[in-house]
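Some notes on the structure that comes next.
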There are 2 protein chains.
Amino acid sequence: MRVRLGVNVLGVGCHPAAWRTGEVEPTAQFDVAYFQQVARIGERGTLDAVFLADQPGLFEPPDRRPPMTALEPTVVLAAVASATERIGVVATASTSYNEPFNLARRIASLDHLSGGRAGWNAVTTYAPTASANFGFEAPASHDERYGRADEFLSVTKQLWDSWADDALVGDVDAGVYADTGRIEPIDHVGEHFSVRGPLNVPRSRQGRPVLVQAGGSPQGRALAAKHAEAIFTSQLTLEAGQAFYADIKSRVLREGRDPDGVLILPGLTTVIGGTEAEAHARYERLEELAGGSGSLWHLAAQLGLDAESLDLDAPLPPIDRSRLKSSVGFQDAFLSLAAQGLTVRQIVTRFASGHRLVVGAPEQVADTIEAWVRERAADGFNLMPDVFPTGLEAFVDHVVPELRRRGIFRTEYEGTTLREHLGLPRPVRHEAVFV
Amino acid sequence: MRVRLGVNVLGVGCHPAAWRTGEVEPTAQFDVAYFQQVARIGERGTLDAVFLADQPGLFEPPDRRPPMTALEPTVVLAAVASATERIGVVATASTSYNEPFNLARRIASLDHLSGGRAGWNAVTTYAPTASANFGFEAPASHDERYGRADEFLSVTKQLWDSWADDALVGDVDAGVYADTGRIEPIDHVGEHFSVRGPLNVPRSRQGRPVLVQAGGSPQGRALAAKHAEAIFTSQLTLEAGQAFYADIKSRVLREGRDPDGVLILPGLTTVIGGTEAEAHARYERLEELAGGSGSLWHLAAQLGLDAESLDLDAPLPPIDRSRLKSSVGFQDAFLSLAAQGLTVRQIVTRFASGHRLVVGAPEQVADTIEAWVRERAADGFNLMPDVFPTGLEAFVDHVVPELRRRGIFRTEYEGTTLREHLGLPRPVRHEAVFV
């Protein structure tokens, strides 16, 4: 059993009050040295990858807290890659507001300049604050977005495979730079895109970037089963996680793919203390800094409700799914909690930044991770520490050694590429185009 | 008098045979360490900026020479910025095949992560090999492309100014992250774009990235006069350079802008030897490695002719402008040579990679640079060394000291931003939006 671990560097920490803790420069997310420092800590902990979320727009007014995403992920991760040696770099980018040629090329470029450590987390981006920046009155429908995403991913994989592994020759004596017989246009003509190709970037050390996907709706699951190699998902209970895990792995099988080639990585927000009591004290201080209850505020926002209308010690009021302001995956996640009849307070303490929250001592965090992987609810996690860099340092210095003692996490990197870290095969290039 | 100098890192050198010289790894342009090394050499020479050209597609089959552009410039320059301290980073990107929000944001991100050293070279991209990657049967017309470019640049500047300089607050005690009253949507609705904004990136240390432009047609000149702060141009004779310089500066005046705020930087391909004879021997070896005449081949390609049909010792045959395979700026440049009745051989030795070629000792290269700036044909140059890193090292170690002795080039960086290097003012944000 091997646990996979990425770290999701959301702003300066995944708790809304992170920027007010004094543990990090409040506006550090506009300073690339911050991202490089966090990545080096992750690399010290032999984590698989640094992950950056993305939204092409201001998700909400940044008056009381940092924007969820700001600097564009591919350029930030190019700088991160050049300050690190081994850790993978996974950039989120939207299939709804990009062109396949540009994005395929940019991620492939990141893959080259990181020596084969890049991945792309493909999202369809619901937010109306994004669509208004691209000439749309409102976001396209869910079906429309996923139809475009499916074609986008298919075009991207073809472009990444448009050069054979041995097409780049560089034979000075013979004067042959590239074997252009091994570089083929893709001549794609589809409903959303017409792309001739080939890409102007060869294959990389790991063949091509790792494809990550982050949608939890039926269409998102279908897309993941067809294309993804890792899935970033929100799962708040072990049971919901197990159901999701089983559903995806069986969908992958039905697609004729290897279930071990598609990793399930839920988000996990961590608040770590030397003891459980210390961790809870830390969490309470964060909630206080957020002005009462930061996580309550976040939950209410996702539910489309006013935080002050919620009674902490009562169950959630009946939820009108049509009013929910979040992706289907997030909706399923917190409805799975509400269905258990938990109080608002109990839901909030399991829910942070839309992901499962664990508040505890290092052993307890390790227990959660181990249990979810053993019980087939996850292949690992995308970590979301409360505050950077401190929360990640706590994880790397105290949880990673515990996972190593248990023999379920590496003690050093075995390979150099993101695929090697994740135990994913180097994809064989589809040669059919030559036949 | 102050000379401005950038370096255009085209492949592994601006001579088509650069990759075969043994002076550089033949396929180095797929290795970011190569770009970082070149940039550090430029920084040692206190050059203003590293410049990367771009084409979103394979311009020609890379069987006999490297593709002109490959890895995507913004990600490469993000890695370059993190390996350097002072030198500017200017990325080319097309207005025809990008969305303003995405590109404005990516360049602004590069500006933040380089500490205010970024610029964007806006091009409209003629090549059909590019348009076919974005769903077009053929490139849009020249007028159509420039209409879109004008609106694109206007939207970009508005987005870059959508945050006031003091909008990012980060006041931990007051719990105020940003002053959202100082962050305004742009609400742009135009012929080509509708963009609400604001950008999710604040203003940078230099206010906003430097806008560079590279088109030489009447529409390109009009666009430059209206928006650009530097112009990368091809000028092959002093007289043509002077005419271009005077035309642009007067257009800038007519736009109500300061002519000193728009720098004219022609490309200058350099082949440097210890003596003039050594430089010519080096040039002849390069031509030989290119298989006869690399520059002849390049000239013929731009003319849409077969290289073998040209007699080196005769004047150029009459040119049918409609058959020319290059931008209007390049056409004007070599037609200015042909009009002087020079032989093909003479034209070829002044023309390389579409730009003026100087083959000589360091003093001779310095003479050309000084003469063009004194005679108001240029404010400086975008250097295009024959081979990297050797050709740039020769420039930095032998031409830069000569320019310093003459008192026309800096001995150390006076500032930290690209605007400071170029002597450009920090743009005042347009506040009208608040009135």
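Including glycine, each Cβ sits where the backbone N, Cα and C put it.
Look at TrEMBL and you will find A:ASP54, A:THR92, A:HIS142, A:TYR146, A:SER217 tagged as FMN binding site. Under 8 Å, Cβ to Cβ, and six or more positions away along its own chain, A:THR92 (FMN binding site) finds A:PHE51, A:LEU52, A:ALA53, A:ASP54, A:THR69, A:PRO73, A:TRP120, A:ASN121, A:ALA122, A:VAL123, A:ALA214.
Taken from TrEMBL, the feature domain 'Luciferase-like' applies to A:26-374.
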DSSP three-state assignment (helix, strand or coil) for A:TYR146 (FMN binding site): helix
Binding-site residues compared (A:ASP54, A:SER217) - the one with the fewest other Cβ atoms within 10 Å: A:SER217
A:HIS142 (FMN binding site) CB neighbourhood, other CB atoms within 10 A: 17
Cβ packing number for A:TYR146 (FMN binding site), 10 Å threshold: 21
